[in-house]
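Scroll down for the structure; my scribbles are underneath it.
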Amino acid sequence: ASHANLAIDQISEQNFQPRIHVVKGFSISTAVVCHQCEDAPCANVCPNGAIIHNKDYYYVDQDKCIGCKTCVLACPYGTMEVVSRPVMRKLTALNTIEAFKAEANKCDLCHHRAEGPACVEVCPTQALVCIDRDALEDMVKERRRKAAFETGADLLF
């Protein structure tokens with residue numbers, strides 16, 4: 001098993017629906033996960049308002065989700081999916097049956113875990129990290145600055 005799949009397997013063992021997908025290429029594999037978009041298309045198109053923004057992350061309120069897949073179509077990164085989960089449906093006061101409910105599934109940065117995202121914690125190669133937007137913007141600025149100085153003499157206008 002690849003290292004990325006190992007991380008997914010470890011998370012799944014905790015009865016957890018993986019919210020990270022591995023895209024395999026010929027020589028490399030990469031993890032694809034929700035980008036927590038600033039103006040999240042998935043949240044904007046949800047007819048029930050089930051995708052909610054809370055501080056630094058978006059999550060799905062499963063009580064509101066109807067499993068319509070509109071969010072799946074809207075996600076520009078292909079990271080939204082609809083999964084079926086077993087639920088108990090009450091037929092009468094005395095009778096219940098097991099049924100399945102379709103619901104949206106997306107990364108919510110494991111907001112319920114004090115340790116942060118489970119995938120980051122269990123990744124055997126430490127290839128997964130979480131950084132906030134400000135830190136990402138700072139990294140981009142620094143890389144651009146370095147690139148400008150490294151090629152500075154070569155640029156003539």
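Quick reminder: no glycine exception, Cβ is built from N, Cα and C everywhere.
Here Swiss-Prot flags Cys34, Cys37, Cys42, Cys75 as [4Fe-4S] cluster 3 binding site, drawing on similarity to another entry. DSSP gives Cys42 ([4Fe-4S] cluster 3 binding site) a helix state.
The Cβ neighbour count for Cys46 ([4Fe-4S] cluster 4 binding site), using a 10 Å radius over every protein chain in view, is 22. Look at Swiss-Prot and you will find Cys46, Cys65, Cys68, Cys71 tagged as [4Fe-4S] cluster 4 binding site, backed by similarity to another entry.
For Cys107 ([4Fe-4S] cluster 2 binding site), the same-chain residues that are 6 or more apart in sequence and have a Cβ closer than 8 Å to its Cβ are Arg19, Ile20, Val33, Cys34, Gln36, Thr79, Pro117. Secondary structure from DSSP puts Cys107 ([4Fe-4S] cluster 2 binding site) in coil. What Swiss-Prot records for Cys107, Cys110, Cys119 is [4Fe-4S] cluster 2 binding site.
Here Swiss-Prot flags Cys123 as [4Fe-4S] cluster 1 binding site. Every protein chain considered, the tally of other Cβ atoms within 10 Å of the Cβ of Cys123 ([4Fe-4S] cluster 1 binding site) stands at 20.
The domain '4Fe-4S ferredoxin-type 1' feature in Swiss-Prot is assigned to 24-55; the stated evidence is sequence analysis. Outside the domain '4Fe-4S ferredoxin-type 1' (24-55), and at least 6 residues removed from its termini, the chain residues within Cβ reach (under 8 Å) are 2, 4, 61-62, 64-66, 68, 70-71, 73-80, 104, 106-109, 111, 119, 127-128, 133.
With a threshold of 8 Å between CB atoms, the same-chain residues lying at least 6 positions outside the domain '4Fe-4S ferredoxin-type 2' (56-85) that come near it are 17, 19, 21, 32-37, 40-50, 100-109, 111, 132. According to Swiss-Prot, the feature domain '4Fe-4S ferredoxin-type 2' maps to 56-85.
Per Swiss-Prot, domain '4Fe-4S ferredoxin-type 3' is recorded for 100-133, and the stated evidence type is sequence analysis. Summed and averaged per residue, pLDDT over the domain '4Fe-4S ferredoxin-type 3' (100-133) gives 87.
The subset of binding-site residues (Cys65, Cys68, Cys71, Cys119, Cys123) lying with their Cα within 10 Å of the Cα of Cys42 ([4Fe-4S] cluster 3 binding site) consists of Cys71, given in sequence order. Helix, strand and coil content of the domain '4Fe-4S ferredoxin-type 2' (56-85), in residues and according to DSSP, is 5 helix, 9 strand, 16 coil.
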